């Protein structure tokens, strides 16, 4: 161990961890200095006893290999790491380990099992493709056919590892590749048996919700042609104990829970079922439900499966009765009488239900459940049993019934799969448990591990045998390989005095027990056998060292399960039942059963225990009954091993990656445990013990050529390799030279790879050094020259710029001087003027402010004076009122006091007297004062009256004077006011004039702006319309492409139907040939109907009548082929041509409908434009309304402003300004009304246009005058009018087209309905005929034929009558014309005198011989027709015709013969010739259909014949390419359009046959030439291949190269050109060839990990470029062939591009648009570095790609369909060759034909 080497060290979590050595190891070191991958450093202590070093890690380029034996270091950590890398990083679940296929369950559906994958693996060598279950199946199938030896596929693994699924896919592969289309239902039946077998044999366990509790071996039988004919199933290891006991969190078999879930169904009412928790046998596990599983739905699937397997409803109900009886039996309880006896409670309900369901007597069953019969030599007596024994007997009876029912169902499945033909060979698929070990292991695990010991021994011997054969074949010294032989363990179990033997012996003992058996085991084997141990803490267990692990078995229950005791009396009670199915179950026990059905009772054998017959000897019965389960299982296992040893085994080991069913999650501990148990590591150990790495000499030379010097390379590759190896590896024991290979010990390939990598690294460094130096020198010289040149130009430019700068600087200074002077002067003047103006304004402003301030102060003083006075007065008044109020209050108080005093005083008399004296005096004084005041009042009143009189007179005088003065003043004022008002009116009018002028300008500007905005709106609107039109155009283009695709699909389907028809026709011909060899007594029709194999043809035809246009041809053509005579065929051809004509009419109708659809799309586009215009109109209306609102608001604001600003006299109603404003208001309101009318008109117009779009509504016409107000120049109105007329025109067109479309649609619907009725009638007739017996069928077919012929005769009679009428009419016209001509001739004779005739001398005339003018026709006799077909078609050699004669000569000759028959108006001759020609071409192609030249020749001639029929048909579309002379040669009497369709179909069939021929020729070359061959030598290296032989990528003599493919393409192209094939047709053939090359290459690339590397991507791109160069040389680049290679090109680019960053992911997603997401991810997962310089693709990068491609909608299919054939078309290609110039060579032997 040296520094930086990587090793594996044990780890408790990950099992093994990778670490790097930090220090070289020296012998004697006890510690290794290591660094883990996460960077942690540690010291690893070596084992002081063994001193074993940790295992080395393989180089990175070997990680992820397909075959584990290709690894240089073979050990457990390398195997585990390789499996993990493939499973987690590459998503690959299959890996080879020598002869073993390791399959890891992904717990996810993967798209790798489709029919395309099956086709890809079919016929391939096992090492050529990536590991797959299909590769194993193909190897088994191939060896069965090659070696004439039966095969077997052994699938093993834990529960939930995927064994059943793997076996299912293997059977599907056999059914697909065996070619047994009629027998493929065998596989369907086997798969249909899965639901019922799972329901009765699967259960929920702690490890698996659907665990198979039995094993099965299915033999798939094949006949001599290796087609599937049947199957047979043998089952093992049924776990019977589960019926009566389930552990915690487990369930019983699914069928019981399905019954309980369906208990509410009416048919199950009699079973009296309930919830699963009600029954003892279904509630023990405590988990009656499974998440995500509906037991009721599963019950429906189970019943459907029973029906498919032929189990009738009555038998199904019988099965369910028995299962329900078992459930009720489990609820039977026992009551103890004493310690040795028990009884069933009276009328116990569960037992009553059980007896009713089983049809037995209650008393007998209750009695024998609690008693047993003991028989001795002299007497028989009945003994009661204890409660515990009664419960055990009940459970044993339930298990026995269930096992018998299980076997009965298996027998019925085998009957359904039984082959009716003798079996020639078979392939067996064994689906059985792998090694098991649990916490508690019992008899079940013991039997399973015993079986696995036997299988492991057989596996080891087989591996050892293969190794020995390989060494002997290569003639290298044979050395004995030490491998683990588990025969001692098997002897411990099955030999004499072994575990099973001691168990059987203990079972025979009267008082045998598990404890005594354990003691016997200890006494016999402990310390005597190294494989047997005793646990320290237990005396009831033992340990056996199996090949996989130590297992501790608990002895408890071994004896009971081995005995499997069932009391005979209980069986007798069941046999006395009236239940038919129950009797069938127990009658089978009396038969002798083979030991293959016997299995242990833990998973108890399928065999029935023999029960003593009624009148048999007790001894014999007892002997049979005591045959133990262990003995039976041992016998069945021996028979299984004999079967496997008689076959060639193939091994599939299924691995369960985790216990939680997480997809693509790898648990290293569980994986290692299973790898040790399934023998994979033992295979590795055997391989590693010898020479695990093997190279052919050529592969070794190619890989390690870099380690050789030129002088070491010799002509002999073998000697060269020997010389190099002797130098590289000194120890000769490390390798051996075989006959064809070099064998290396473990680790030597890694050593050679290290030397190679070091050599390449040194070479790379030297190359990099040299190239980088050269690049840098070159870059430096280039930069130096560029710098000098740049300096020269820059310096000159700088000098010129400096001179210019100096001149400009001087000029600028002068300009600046004058400019600054001018600016300063101007600024001074401006500042002076501004200063003076500012001073004046400022001084005025200050004075005005001062004046205003003084004025404000004066006003403030006045205001203050008044305010202060008002405030003082208010304060005074308030004070006065307060004082008065206070005084009043005070006085009132004083008065009250005074009053109180007075009241007191008044009480006394003296007081009253004093008062009276004072009051009298006062009254007198007051009276006196009153009199004086009255006198003064009267005098004052008189004075006042006199003053009033004088004042009134004075006032009147003054009022009159004031009135007079006011009148004069008003007159003066009126005069002055009139002058002022006139002046103001003039100023106002001037102002209004200016205002109107400004308004006019603003309106004009607004109008211009509106016009501009309108134009912009129109432009934007038209732009949007253009964008809409472009989008509609794009949509139309897309729909056109979609229609083209649909047309291609329809064409492809039609051509596939033609292909199917040709296949059926060939089959019919084969059967007809077989019929001709037999002695036929009855008529031809009866012979035809007597063959049952022909009736599927009719059934197929009936089904195909509804499949499409081409399918209508099948039925008449079949009837056509039934008639033996040519005459009958000719009659049938007319019916066939009618149907063909109908098909062509339907095609024309389809084309018309397509045209109509295009027109509707155009109308939809116009409607969208109209809707856009309407939207624009509505927007314009809204703008006008908003504009009107704005004008109205402005008018109101103006009126308010005038009202507020004008004086009242100015705004008075009579004022002139008021009148002017009123006039303006009136005009504005009128304009507003006009705008409103315009808006109303626009609204009505919009409504009328919207109504015009609706059907059958005429648009309302508006007068154009209303629109003139929209704008001044009327452009908007004109545009609107044009739009309206366009809308009207579009509407009328839409209405007419809609009417015509509806009419055509109705007519087409009627025709379709009539066709459907005719079709249904034909189907009913055919179905009725097929259901009749043979005699009636003959009569019905004859009747149908007579009816058909009658209809044809009637049609022909109608045509004949029409032709007779035409002939009579033409004869009358001919007579009239003849009479007129005769009259004209008589008139001419009368005009000529007889003398002139006599007098003229008779001169001898020289008549020149006229050259014969040929008409381009060939004449032959009717009896020479067969001779013509024979010489021209059947016996013609294409090669001689192609080389010596003009292309298409047979087609021209046939057409010229047809022309002559047409010229003669002989329809029988035309029909007979065309029918014979078609049949002759078919015979030639059937006879020589594998010859490319023949098929190409007749494809070319058929197309030329078809073109001739078109060119000379007389139709204008074809005649326009003709010369006038060619138009004279057109057919005149017959329309052969129907025959053109027949010839077109024939050409399609020939084209498809041509494609198949070239595919068969190219297919062997493609993979070798495009992928495996190194076109660029030395680019790609070869990696180790492992045990599986891979096809060598080095070109040997027998391998194909790219040159082979190109030579073959040249051959194809030259042959097609020589035969005169149409150029367009050649392009289609080339496109198909290139598609086949690309599809097959890409499919193999996707299935071969060794091909996904950078160097292989370069090879592929080079090969593709060569193919493109070939296309360019042949001028075929526009054929579409290059586009078919686009997926392959992108896959090659994907292999070469950088695959690290997000930018790389984005580039890959945009680049690989022709690849699907599945293909991209698959290539990235398969990408494998060949050298150390390449890097692997990270899983995170692949996840990024998947996320980016998540929204891409593409097919989930992984592989391309290599069998896909593009639909072919035959474009019309007229010939310029003149028919009259064609000469018939004598070599053709057509002397009986003459030119006309």
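We count from 1, first residue shown onward.
A Cβ is built for glycine as well, from the same backbone N, Cα and C atoms used for every other residue.
The following features are taken from TrEMBL:
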BINDING   157, 158, 159, 160, 161, 162, 163, 164  ATP binding site
COILED    909-1013  coiled coil
COILED    1040-1081  coiled coil
COILED    1136-1208  coiled coil
COILED    1280-1380  coiled coil
DOMAIN    2-54  domain 'Myosin N-terminal SH3-like'
DOMAIN    63-757  domain 'Myosin motor'
DOMAIN    1475-1751  domain 'Dilute'
REGION    594-628  region 'Disordered'
REGION    637-659  region 'Actin-binding'
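Note on the binding-site residues 160, 162: the fewest other CB atoms within 10 A surround the CB of 160. The Cβ centroid of 157, 158, 159, 160, 161, 162, 163, 164 marks the ATP site; residues of that chain outside this set whose Cβ lies within 8 Å of it are 105, 208, 212, 434, 654, 656, given in sequence order. For the domain 'Myosin N-terminal SH3-like' (2-54), the number of residues in each DSSP class (helix H, G, I; strand E, B; coil) is 0 helix, 24 strand, 29 coil. Taking a C-beta cut-off of under 8 Å and a sequence gap of six or more, residue 158 (ATP binding site) has these contacts in its own chain: 207, 433, 434, 436, 654, 656, 674. Per DSSP, the region 'Actin-binding' (637-659) is made up of 9 helix, 8 strand, 6 coil.
Away from its own ends, the region 'Actin-binding' (637-659) comes close to residues 83, 87, 97, 99-107, 133, 136, 139-140, 143, 147, 149-163, 166, 170, 207, 217, 236, 428, 430, 434, 450-451, 454-455, 458-459, 462, 594-596, 665-667, 670-671, 674-675, 678-680 of its chain (Cβ-Cβ under 8 Å, at least six residues beyond either end). Model confidence over the domain 'Dilute' (1475-1751) stands at 86, taken as the mean pLDDT rounded to a whole number. Proximity of residue 161 (ATP binding site) to non-local residues of its own chain (separation of 6 or more, Cβ distance below 8 Å) is seen for 103, 105, 434, 654, 655, 656, 674, given in sequence order. Annotation for residue 159 (ATP binding site): spatial neighbours 205, 207, 208, 211, 212, 433, 656, criterion Cβ-Cβ under 8 Å with sequence separation of six or more.
In sequence order, 155, 156, 157, 212, 431, 432, 654 are the residues of the chain that are 6 or more apart from residue 163 (ATP binding site) and have a CB within less than 8 Å of its CB. Each of the binding-site residues 157, 164 was scored by the number of other CB atoms within 10 Å of its CB, and the largest score is that of 157.
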